[in-house]
């Protein structure tokens, strides 16, 4: 039999050293079998050949897959990605979220840096020629190159970022595709072209070519190339920023962590648009000035248009033009705001030419002036612009008005949304307070009740700021709720002496079931004789506890409750009693708040559950602690001590009276007839003392009538 058993071989008992591809082959093609494991009669040689066949077959399938170009499609859950050997990033990983935020910032910086290339052309006021600011060209090219490095890093990161398989989005987050080939294919089909066009260093190439050639004829070509290239590259850059921001919101849940950050973000975008508009206005002003100079040069006859660009002073005929250029250009291309009939209508660019910023070498002054012009006209939708009949100028003005309208609406709408989120709770409180006032007025509540309602609403607002803490905590997982409750309540619960010596498991169960309560001044928490439905543990404030022993005449007991004490101890006795029914115990005291009180409440159902689940509450130590801090037990103990003390005083006085009577009788010893008189005097004195203390004895008996509180069923140590 043993030999026959050795001939049985299971498929799943094959060598565990098989590669993962063969295991995947077995799993993928398991449906080809009948679904049940049958014994296979084979020898050891047959089993070894079977192993080799599976290995070769799986390798063959993999090679066929590579030759067909399909790749190996693999998907894992996010938690499995952490133990993967491949460096593939989870799209919701904190590091990747930080990199995406950094990339958004780099995109915004690139959009901010690119308009600096529009400030490169500048007019030389002395030579009356158009040149390029070399220092600014080097600075702008360096900044653009540095920012493009972030683009390249982001492109490399996209090739290592997993994505969620569309077919696995039925439930939960879905499975992550970690196959590098699939990730690269998806990126190449979606965003690679846009990223590639955005990162091309075309402005740097144009600037570096000009800096190396330094020919005057290259100024015009450089100016036109920069205008065209920056405009063209703005399209893919904007197309990349907006989806990336949306993806960041979808992945992280929010784009800005605080409302002020969100408002500042949209304000920054509005200022960025003003910066772009100002740079365009500066460059287009130079274009109009260049067009005027070319017309004046052609009309002069002794001028070549190459003379208008710096670096061409060595050309033939420049000396003749140099003598006449001042008068020709000033008469033909004069820009004056006060001139109602100018020789050349510069339109909206007159302000730039008359202010002299196109010829200023101070970049800070030039930039601030253009930024202010862009911000002013975006905010006013270009209402103060007086355009000429030049088509490009009119198109620029129309674009400015439309862009200003859209951006201003976005700015106001988003800033209002973000800033309203700061005061939404306050507004809700105002609405609730208004509704409460209208309701109290409609129901004609007395003034004292209205004041109590207002005081409670105000105190609750100051404590919670309108946030429903219980609702927030209830939506969290159980272990997270336990940790939060432990963090919030454990230190306060340990201040209650009844819970100070309990173990952590019992304290966690109590903290999970505690509910915060607020009571304003002069609020009655419970009245004597009412059912006790919750046990309160005081955290802050002062309370007054009064009892009349069920309304008995002549009996009044008053005590103060402070931080760390509790009330409603009748409920604990009821919860610990296994024979207690569904009827709640009656309160033996009236508890009133003397100040604003914060407390934790433990309801009857929750206390009964804790008492039934945790035997620690039945220990002798808890019994002694409960008796020591219970005001009901303290009242009983005080009455018991008073009754014992009065009995002691009575007995002592009677003994003193008898001693005095005996002394009198011994001092008056004489004839025999005086013995009977002394006996009668002693008897009369005893009767007198007995009569004097009769009323006092009645009071003592009434005091002792206060019943001892029922003891709970402490069945375990």
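Including glycine, each Cβ sits where the backbone N, Cα and C put it.
The following features are taken from Swiss-Prot:
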- 498-628: nucleoside 3',5'-cyclic phosphate binding site (BINDING)
- 634-663: domain 'IQ' (DOMAIN)
- 1-102: topological domain 'Cytoplasmic' (TOPO_DOM)
- 124-136: topological domain 'Extracellular' (TOPO_DOM)
- 158-190: topological domain 'Cytoplasmic' (TOPO_DOM)
- 212-224: topological domain 'Extracellular' (TOPO_DOM)
- 246-265: topological domain 'Cytoplasmic' (TOPO_DOM)
- 287-391: topological domain 'Extracellular' (TOPO_DOM)
- 413-717: topological domain 'Cytoplasmic' (TOPO_DOM)
- 103-123: transmembrane segment (TRANSMEM)
- 137-157: transmembrane segment (TRANSMEM)
- 191-211: transmembrane segment (TRANSMEM)
- 225-245: transmembrane segment (TRANSMEM)
- 266-286: transmembrane segment (TRANSMEM)
- 392-412: transmembrane segment (TRANSMEM)
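This view paints the features noted in Swiss-Prot onto the structure.
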residue : record                                         : DSSP class
515     : nucleoside 3',5'-cyclic phosphate binding site : strand
532     : nucleoside 3',5'-cyclic phosphate binding site : coil
549     : nucleoside 3',5'-cyclic phosphate binding site : coil
566     : nucleoside 3',5'-cyclic phosphate binding site : strand
583     : nucleoside 3',5'-cyclic phosphate binding site : coil
600     : nucleoside 3',5'-cyclic phosphate binding site : strand
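Sequence-distant contacts of residue 532 (nucleoside 3',5'-cyclic phosphate binding site), defined by Cβ-Cβ distance under 8 angstroms and a gap of at least six in the same chain, are 526, 568, 570, 571, 574, 584, 585, 586, 587, 604. Relative to the transmembrane segment (266-286), the listed stretch 103-123 leads the set 103-123, 137-157, 191-211, 225-245, 392-412 in CB pairs under 8 A.
Taking all protein chains in view, 13 other C-beta atoms sit within 10 angstroms of the C-beta of residue 515 (nucleoside 3',5'-cyclic phosphate binding site). Counting C-beta pairs under 8 angstroms (sequence separation of 6 or more), the transmembrane segment (103-123) reaches the transmembrane segment (225-245) with 3 or more such pairs. In the topological domain 'Extracellular' (124-136), helix, strand and coil residues by DSSP number 3 helix, 5 strand, 5 coil. Secondary structure of the domain 'IQ' (634-663), assigned with DSSP and counted as helix (H, G, I), strand (E, B) and coil, comes to 30 helix, 0 strand, 0 coil. Under 8 Å from some Cβ of the transmembrane segment (137-157) lie the Cβ atoms of residues 89, 96, 99, 102-103, 106, 109-110, 113-114, 116-117, 120, 192, 195-196, 198-199, 201, 203-204, 207-208, 210-211, all in the same chain and six or more residues away from its ends. Every protein chain considered, the tally of other Cβ atoms within 10 Å of the Cβ of residue 549 (nucleoside 3',5'-cyclic phosphate binding site) stands at 18.
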